[in-house]
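Here's what Swiss-Prot has on this protein:
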- GLU117: active site (ACT_SITE)
- HIS141, HIS143, HIS212: Zn(2+) binding site (BINDING)
Amino acid sequence: MQTIIDAWFVQGMIKATSDAWLKGWDERNGGNLTLRLDEADIEPYAADFHAKPRYIALSQPMPILANQPFIVTGSGKFFRNVQLDPAANLGVVKVDSDGAGYHILWGLTEDAVPTSELPAHFLSHSERIKLTGGKDRVIMHCHATNLIALTYVLENHSDLFTRKLWEGSTECLVVFPDGVGILPWMVPGTDEIGQATAETMQKHSLVLWPFHGVFGSGPTLDETFGLIDTAEKSAEVLVKVLSMGGMKQTITREELIALGKRFNVQPLQSALDLYP
């Protein structure tokens with residue numbers, strides 16, 4: 001008989017967190033991951049739920065998430081340990097009927113709680129639900145090394161970061177034509193950074209937190225992981241290019257436009273117009 005550990009969403013979270021750890025993106029308890037589920041996903045595993053689910057109020061109501069279940073990583077938990085003890089490091093939560101709080105249905109044992117970045121996740125989920133008609137289901141935050149490094153040497157401007165990442169690897173414009181948003185440095189784990197991230201998610205599926213990390217949104221765990229992985233690969237190329245004296249040639253504006261036409265995507269116009 002299968003248990004909730006065998007469920008696709010638990011196994012998917014195990015793989016995503018393990019892969020992120022192996023990439024070097026999630027040292028210690030760095031990073032967090034949430035996946036929005038359907039009632040049909042969790043209903044077969046009701047026998048595994050806690051007898052008395054704990055209730056935690058949200059700092060602000062989120063009615064668009066009412067009655068929505070999620071699987072989330074825990075606060076203070078190490079990605080490298082998720083595969084060893086999923087129930088201690090992950091949790092299935094369900095937002096209540098008015099969006100004021102949530103019950104912990106499964107996991108997060110020993111009185112653990114969801115990630116401290118849950119406000120940023122839930123606010124971003126709310127915006128991406130509206131923007132994509134519910135298609136986007138994943139929010140991933142990690143400390144991608146080369147993306148962080150670039151925030152120290154490039155002007156922290158969305159159009160510039162977008163253009164440089166597009167130039168760093170040909171596939172980037174195809175994978176994230178909506179570009180990369182970037183915030184000013186802010187204290188993590190607060191409603192303020194959560195709100196700023198969510199507002200930026202209205203325009204971009206990738207949002208950089210300077211000197212800290214990156215947020216990504218997508219329809220599946222694979223798509224969201226791949227989004228960040230693609231941007232991080234380009235950032236790695238750029239870090240190496242900058243260390244070798246900078247670009248001598250690159251993909252031109254006209255070539256980027258041709259690339260967008262070939263793959264039927266609309267590149268962020270302000271990034272295209274930044275320079276020839």
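These residue numbers are counts, starting from 1, taken along the chain as shown.
The backbone N, Cα and C atoms fix where each Cβ goes, and this holds for glycine too.
There are 18 other Cβ atoms within 10 Å of the Cβ belonging to HIS143 (Zn(2+) binding site).
One residue stands out among the binding-site residues HIS141, HIS212 for having the most other Cβ atoms within 10 Å of its Cβ: HIS141. Across the structure, HIS143 (Zn(2+) binding site) and GLU117 (active site) place their CA atoms 13 angstrom apart. Looking at GLU117 (active site) and HIS212 (Zn(2+) binding site), their Cα atoms lie 13 Å from each other. Sitting within 8 Å of the Cβ centre of HIS141, HIS143, HIS212, and not among those site residues for Zn(2+), are the Cβ atoms of GLY30, GLY31, CYS142, ALA144, ILE148, PRO188, TRP209, GLY213, VAL214, PHE215.
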